[in-house]
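According to TrEMBL, the domain 'Sugar phosphate transporter' annotation covers 46-332. Annotation source TrEMBL lists region 'Disordered' at 1-24. The transmembrane segment annotation in TrEMBL covers 36-53, 65-83, 104-127, 139-158, 165-184, 190-210, 222-242, 262-284, 296-313.
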Amino acid sequence: MSQKIGSLPVSDPPPTRAISGGDDPLFKGSGMTQRGAYAAVSYMSCAVLLVMFNKAALSSYNFPSANVITLLQMICSTCLLYVMKRWKFVTLSVTERNQSDSPILVPVKTLMHTLPLSIAYLFYMLVTMESVRGVNVPMYTTLRRTTVVFTMIVEYLLTRQKYTPPIFGSVALIVFGAFVAGAHDLSFDARGYGIVFLANIATAIYLATINRIGKSSGLNSFGLMWCNGLVCGPILLFWTFIRGELRLTMNFPDLYSPGFMAVMLFSCILAFFLNYFIFLNTTLNSALTQTMCGNLKDLFTIGIGWVLFGGLPFDLLNVLGQILGFVGSGLYAYCKLRGN
């Protein structure tokens, strides 16, 4: 393995490596490692920025196709991974068994093993991108906070994962806070709300699939991203073509606007790092921890969204609901850090 690999962390290191400082507990008695904490904080930072840039493209510039944005993000991520792999800046697997010099860079058997993950990823990306359009940013983050319930259900169905009473209490507090915060939403849109809840289900399935297939595939975070791009890219390209979304994109009046091009560039870059940190956080910690990180970063998303895009009126119930949600997320983080 090239010495350059150490510049970026990868999940599931080979068992022959000595345990590094990054694999030590965050503090004595903690249930989270230093690398796990790094992955969680990095994910939250990327997620806040990506929501802002996607919202700017779809709402401020009125770009007609969320699917095309997803396609561009996927193409950029795949091309970047290919270059990084060829330059030996990263590897795609944690064992020599899954290395391949073929054009697809991984064995076909490994690619087929990750097929369910790729399909879950495509469903997650399409629905999540579309869900941003239908509701304002504050309400979007509020509804997305209920993803924790779906994640717990899916993890139990797939892995029989069970949780302690404090964890259940933190989840109940988050969901209750979400409903309190949305009690006075004057911009209710049944279709928009429905798509957000569908995005919650898609997210839960995707994260649980990462946790189950990702660890058994022999691939690291970059390898999982690469397989997703190989499988989902052609499917999404065909889908946008038959729906006429590529034609709409070519006729978009602001397509070559410097401002719009800058928004799209940052969106693609952030999507690459976001997907990487989702894989890293989920494999180092858990699917539920990944979902909780999505709740903790909502404080910044809501604040920035109110300033840049407006939307939900600022009232007492909304503030109370947000506080309850953050307290619930904080309780979960405390339980995780204490190893409960």
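We count from 1, first residue shown onward.
Using the three backbone atoms N, Cα and C, a Cβ is placed for every residue, glycine included.
Predicted, not measured: the structure shown is a model, and the values here were computed from it.
Most Cβ pairs within less than 8 Å of the transmembrane segment (65-83), among stretches 104-127, 165-184, 190-210, belong to 104-127.
Among residues of the same chain six or more beyond the transmembrane segment (104-127), those with a C-beta under 8 A of the stretch's C-beta atoms are 66-67, 70, 74, 82, 85, 92-93, 98, 195, 198-199, 202-203, 205-206, 209-210, 213-214, 216-219, 223-224, 226-228, 230-232, 235-236. Using a Cβ-Cβ cut-off under 8 Å and counting only residues 6 or more beyond its ends in the same chain, the transmembrane segment (165-184) has close neighbours at 139, 142-143, 145-146, 148-149, 152, 288, 295, 313, 315, 317-318, 320-329, 331-332, 335, 340. Between the transmembrane segment (262-284) and the transmembrane segment (36-53) there are 3 or more Cβ pairs closer than 8 Å, counting only residues 6 or more apart in sequence, so the two stretches are in contact.
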